[in-house]
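**Q** Can you read through this structure? Questions will come right after.
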Amino acid sequence: MSIQASPVTILGAGSYGTALAIALSRNGYPTYLWGHNPTACAQMAQERQNARFLPDISFPEALRVESDLKSAVEKSKDLLIVVPSHVFGEVIQQIKPFLHNRHRIIWATKGLERGTGRLLQNLVEQELGSQYPLAVLSGPTFAKELAAGLPTAITLAAENEQFAKEFQARIHCSKHFRVYINNDMVGVQLGGAIKNVIAISAGMSDGMGFGANARTALITRGIAEISRLGVSLGANVNTFMGMSGLGDLVLTCTDNQSRNRRFGMMLGQGVDARTAMDEIGQVVEGYYNTKEAYMLAQKQGIEMPITEQIYQVLFCGKDAKEAATALLGRKSKVE
């Protein structure tokens, strides 16, 4: 079997996992989608769509739904994990007994480890050792647009160049899904995780009616925060100007398809965090990532004023307008 035709298993049947499964199977190559809920998997297999998250988008013929985790893992050497960051470690532990030397592990989860602020790469290496090639897939992608076949570009980061090229060839589709490769896994992971925090700030600003100027300032200073933290952890600063950095940040901060932006808008309008998350009805990664990003910045001794103020709002009871005042009242400095 050629590299391009080799199967891929996607672990996680939420909106983004399903969208990636649809995109990767459009080229006719075998793709498997596993979800933790057997009833939901049976419904998807029967209806040939994910009616809950992506209604009216039919599954390509090459996409098969798997409810048995062992079977799903054994069907492919390439495993693409697409689950919320707070259950990522649990999924790694669940697949561990089924792994063989041939397996390669990729994730599109955007976040940091709950409670520690560690990169997900560190979690994987601690749980599984260094025997499996690793990669991370990240960039400006909304699930609905990706599933609908609209043009999308994304970054695939791996330290093993051969693995990166092989998986790029497997998932790249010139018609709608363009994949760039990068060797900076640290930078790509951080860009995907912390952009959600900045998106909350941009949403808060818009919710308070501060306008486009303020939103743009938050995006610009936000990428500066992410870059400072990334460089302190060994990332390449140029990574943050790419798809997984600035690209993902701009998308998430400016379009209402972003849950994190919508969450921030509700905060800016005076809605409390729990009510806002309940109304959105899906995981708001930025809520969880804010605490971890703040912890990581403190550990590294990096100044991240936007992240700090969002942390104060979410976890210390600070009013959104007070947070905005604190940012605007900071001492003038050279850019």
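Just so it is clear, glycine is given a Cβ too, placed from its N, Cα and C backbone atoms.
Remember, it's a predicted structure, so these values are computed and weren't measured experimentally.
Here's the feature list from Swiss-Prot:
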ACT_SITE  Lys195  active site, proton acceptor
BINDING   Ser15, Tyr16, His36, Lys110, Ala143, Arg259, Val283, Glu285  NADPH binding site
BINDING   Lys110, Gly139, Thr141, Lys195, Asp248, Ser258, Arg259, Asn260  sn-glycerol 3-phosphate binding site
**Q** For the sn-glycerol 3-phosphate site made of Lys110, Gly139, Thr141, Lys195, Asp248, Ser258, Arg259, Asn260, how many Å separate the two farthest Cα atoms?
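**A** The widest Cα-Cα gap among those binding residues is 16 Å.
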**Q** Near Glu285 (NADPH binding site) in space, meaning Cα within 10 angstroms, which of the binding-site residues do we find among Thr141, Asp248, Asn260?
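**A** Matched binding-site residues: Asn260, sequence order.
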**Q** Rounded to a whole angstrom, what is the C-alpha distance between Ala143 (NADPH binding site) and Ser258 (sn-glycerol 3-phosphate binding site)?
**A** 10
**Q** What span in Å does the NADPH site cover, taken as the longest CA to CA distance among Ser15, Tyr16, His36, Lys110, Ala143, Arg259, Val283, Glu285?
**A** 22
**Q** Rank the recorded positions His36, Lys110, Lys195, Arg259 by how many other Cβ atoms lie within 10 Å of each Cβ and give me the one with the fewest.
**A** His36
**Q** Find the one among the recorded positions Tyr16, Lys110, Lys195, Arg259, Val283 whose C-alpha lies closest to that of Thr141 (sn-glycerol 3-phosphate binding site).
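**A** Out of the listed candidates, the nearest Cα belongs to Tyr16.
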**Q** What is the number of other Cβ atoms found within 10 Å of the Cβ of Val283 (NADPH binding site)?
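**A** Cβ-Cβ neighbours of Val283 (NADPH binding site) within 10 Å number 18.
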**Q** Hey, of Ser15, Tyr16, Lys195, Val283, which of those recorded positions are within 10 Å of Asp248 (sn-glycerol 3-phosphate binding site), Cα to Cα?
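**A** Of Ser15, Tyr16, Lys195, Val283, within range: Lys195.
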**Q** Using a 10 Å cut-off, grab the number of neighbouring Cβ atoms around the Cβ of Ser15 (NADPH binding site), all chains included.
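**A** Taking every protein chain into account, the count is 21.
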